[in-house]
Amino acid sequence: RPIRLHHRLLLSSFFSLFLFLPGMNAAVRAVVRMGLYVGAKVYFIHEGYQGMVDGGDNIREASWESVSSMLQVGGTVIGSARCKEFRTHEGRLKAAHNLVQRGITNLCVIGGDGSLTGANLFREEWSGLLTDALILPGLIEQDSVQKYSALHIVGMVGSIDNDFCGTDMTIGTDSALHRIIEVVDAIMTTAQSHQRTFVLEVMGRHCGYLALVSALACGADWVLIPEMPPEDGWEDKMCQKLSATRSRGTRLNIIIVAEGAIDRHGKPITSSFVKDLVVKNLGFDTRVTILGHVQRGGTPSAFDRILASRMGVEAVLALLETTANTPACVVSLCGNQSVRLPLMECVEMTQEVQKAMDEKRFEEAVKLRGRSFENNLKTYKLLAHRAPVVRSFSNFNVAVLNVGAPAAGMNAAVRSAVRVGISEGHKVFAVSDGFEGFYKGQIKEIKWADVGGWTGQGGSLLGTKRRGSLPFGALYCFLMAPLFHHCTSSPPHNTQPPLMDAKALGSALQGFLSLLELLTAREKYEEFCVPMVMVPATVSNNVPGSDLSIGADTALNAITSTCDRIKQSASGTKRRVFIIETMGGYCGYLASVGGLAAGADAAYIYEEPFDIRDLQANVEHLTEKMKTSIQRGLVLRNENSNENYTTDFIYQLYSEEGKGVFDCRKNVLGHMQQGGAPSPFDRNFGTKISAKAMQWVTRKLGETFRQGRVFANSEDSCCLLGMRRRALVFQPVVQLKGETDFIHRIPKEQWWLKLRPLMKILAKYKTSYDVSDSGQLEHVVHNRPKELDASVAM
């Protein structure tokens with residue numbers, strides 16, 4: 001239930017935090033500000049464990065202002081260092097003394113499995129360390145031992161390798177993927193003038209996550225990772241694959257190698273070895289690119305900022321609820337939900353992965369990595385290596401089309417649907433220009449090679465139009481158009497004209513509305529009694545039945561990077577507030593979550609009504625902050641948040657009320673949020689969700705194929721595939737009608753609204769925070785649903 005946490009904490013004892021972050025500054029900012037919000041005294045410990053051992057000025061009290069203007073900064077502003085001394089009893093004794101001197105008994109540790117294991121050992125030894133300190137004269141007093149008798153630990157995982165079991169994603173991984181994909185996209189442009197093979201070596205000494213996901217995101221021809229070494233004879237198979245790809249007219253081959261890649265006998269596979277192999281066997285012009293520490297740098301992505309902020313707040317809540325008997329926990333991400341897991345269970349499973357690899361139990365190592373890693377590997381194999389299925393029942397014709405406005409990641413979704421459909425033995429047809437093209441018969445068969453290189457392309461290569469360009473009733477007239485007679489083959493023994501047996505739609509809310517119409521039309525036209533499924537694709541993220549949509553992450557990154565530049569433009573000038581308008585229709589997702597990622601002071605949306613009193617309170621709040629500390633303010637407004645309080649009105653209000661304190665600037669971001677190359681998240685989300693959708697289509701076709709034809713008229717044969725908290729779920733569209741506000745084209749309940757108080761807290765507003773949905777301590781083996789392959793966090 002909603003409570004005012006700061007009132008609650010002031011009734012409890014002294015409270016403080018320690019931060020050790022080799023990842024994202026957003027986590028530092030969130031923990032510090034949430035800690036101050038609940039009434040805690042918060043400390044930085046600079047240079048990690050080394051600073052904790054050395055003490056002195058390395059341990060400093062943090063203030064609200066000390067974490068300002070750091071969201072966009074990479075690395076960690078408080079530093080990080082390896083510390084051999086902390087591994088000794090004497091070093092930990094010094095660290096304990098330094099913490100007790102300042103009354104610190106709660107630690108928020110951000111690091112990898114080694115850092116977190118060290119923190120847990122420190123917690124277990126704590127009482128003994130204090131007892132030992134009593135022996136040394138003048139070190140600590142007896143009452144201090146009693147007062148600070150227990151040490152509480154909560155961990156967050158910061159690692160670009162994503163090598164920690166129990167979480168779908170670690171802080172820093174998405175930003176590293178952005179660096180890799182930026183390089184791959186740049187390399188791909190050289191293919192316009194040169195026919196070359198590129199071998200990219202990425203980080204991952206013990207974990208192949210970065211290599212695997214970047215290969216999936218760019219459609220690499222081959223990937224080599226330590227968890228799943230290639231079978232003996234892989235050299236010839238790889239060269240055959242490269243040769244076949246080149247023979248189809250492709251001018252570029254990409255091979256991605258994790259730095260820890262090995263063969264089945266444990267022998268390292270280096271990028272230089274792969275290059276020499278290609279040159280020797282094929283004679284291709286081949287280049288090696290070793291990315292190295294480039295992957296660790298740069299501006300954090302929107303995903304990482306949001307993830308780190310959510311984890312930081314959850315870590316503070318976990319520390320509030322811990323007791324002397326509570327085991328150390330780590331805050332993790334499962335699907336789209338924060339969970340708390342016992343720290344040592346996660347560490348032990350992470351160590352078990354390496355043990356399985358050392359003992360050459362590679363299949364087990366992949367499973368131990370988690371469902372997300374396993375799904376990525378399965379999807380890559382499915383899309384990279386063509387192996388059509390020959391079924392005992394008939395193969396079918398499947399149409400793929402995009403509906404509504406374009407969204408980055410649509411092309412990756414179409415590529416995935418096409419290739420999985422072909423692998424399932426179907427003949428796949430592409431429909432141009434959405435339902436208008438469907439109506440006009442703009443349909444042609446699409447082959448495996450036709451979708452090569454589509455993953456990194458923005459917009460919609462198939463073309464898409466808003467449904468408004470087609471007369472509303474024309475959807476019922478498909479049967480009269482020649483589109484169903486366009487195919488050249490059909491199931492055997494089918495006495496009817498060749499028909500489309502299924503449709504897969506990558507679309508926004510317009511696709512959802514269209515499916516409802518097609519479902520209704522089944523009563524009049526039997527030809528619509530075929531399996532139909534849609535996957536959500538819209539920057540607005542307003543599709544009912546799904547927490548996330550393809551394209552929304554790319555739009556968030558566009559907003560975040562633009563806000564960073566806008567705020568930087570005021571560097572060195574007088575105090576300034578920026579009023580920024582975002583897209584989204586009536587859905588405030590982009591404004592709210594973009595505001596959280598960019599560090600906004602306010603975000604105005606339709607779902608949370610506001611009036612002139614709220615606007616005035618925001619202006620006064622920002623004016624007060626401007627007088628004391630901050631130099632720049634940021635206010636976001638969703639385009640349809642209010643009919644009368646327009647962006648111009650808010651700009652003029654802030655300009656007038658801020659005279660003498662700050663001036664204002666206005667920016668309308670417009671369609672730049674809809675364009676650009678898709679982010680790694682959108683590429684992989686689109687790829688995996690579309691693969692799952694096409695496999696569902698195959699199952700439904702098999703279930704509904706009777707007496708030489710397909711007849712699917714049940715509600716569950718017309719579905720939306722969406723992400724619900726931890727799982728990807730197929731939901732009949734008719735069941736989602738009650739969850740939809742059709743007038744404003746938004747779901748009636750939206751999960752991200754629970755993040756809005758978090759944005760306000762981090763902007764120094766006094767507000768209530770709903771802890772009813774906070775994570776509960778679970779066990780690692782229970783943190784994922786069993787009935788579905790749920791992990792979609794890349």
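Just so it is clear, glycine is given a Cβ too, placed from its N, Cα and C backbone atoms.
For 1-26, the entry in TrEMBL reads signal peptide.
Per TrEMBL, region 'N-terminal catalytic PFK domain 1' is recorded for 1-385.
What TrEMBL records for 22-318 (among others) is domain 'Phosphofructokinase'.
The ATP binding site annotation in TrEMBL covers R82, C83, G112, D113, G114, S115. Its own atom aside, the Cβ of G114 (ATP binding site) has 11 Cβ atoms within 10 angstroms in the protein chains shown.
The feature Mg(2+) binding site is assigned by TrEMBL to D113.
Of all Cβ atoms in the protein chains displayed, 23 besides its own lie within 10 Å of the Cβ of M203 (substrate binding site). The substrate binding site annotation in TrEMBL covers S159, I160, D161, R196, M203, G204, R205, E259, R287, H293, V294, Q295, R296.
Summarising the environment of D161 (substrate binding site), the number of other Cβ atoms within 10 Å of its Cβ, over all protein chains shown, is 23. Positions annotated as active site, proton acceptor by TrEMBL: D161.
Mean predicted confidence for the region 'C-terminal regulatory PFK domain 2' (397-794): the pLDDT average there is 84. What TrEMBL lists as region 'C-terminal regulatory PFK domain 2' is 397-794.
TrEMBL lists 397-467 (among others) with the feature domain 'Phosphofructokinase'.
Annotation source TrEMBL lists beta-D-fructose 2,6-bisphosphate binding site at R466, 538-542, R576, 583-585, E639, R665, 671-674, R745. In the shown protein chains, 21 other C-beta atoms lie within 10 A of the C-beta of G585 (beta-D-fructose 2,6-bisphosphate binding site).
Taken from TrEMBL, the feature domain 'Phosphofructokinase' applies to 524-697 (among others).
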Rank aside, I only need the closest one: which of the binding-site residues G112, G114, G585, Q674 has its C-alpha nearest to that of D161 (substrate binding site)?
G112
Within a 10 Å radius around the Cβ, which one of these binding-site residues has the most neighbouring Cβ atoms: R82, R576, H671?
R576
Based on Cα coordinates, which of the following binding-site residues are within 10 Å of D113 (ATP binding site): S159, R287, V294?
S159
So S159 (substrate binding site), by the Cβ count within 10 Å over all chains shown, scores 22
Looking at the binding-site residues S115, S540, Q674, which sits with the largest number of other Cβ atoms within 10 Å of its Cβ?
S540
From the Cα of V294 (substrate binding site) across to the Cα of G585 (beta-D-fructose 2,6-bisphosphate binding site), what is the distance in angstrom?
37
Measure from the CA atom of M203 (substrate binding site) to the CA atom of C83 (ATP binding site) and give the result in Å, rounded to a whole number.
23
Across the domain 'Phosphofructokinase' (397-467), DSSP labelling yields 25 helix, 15 strand, 31 coil
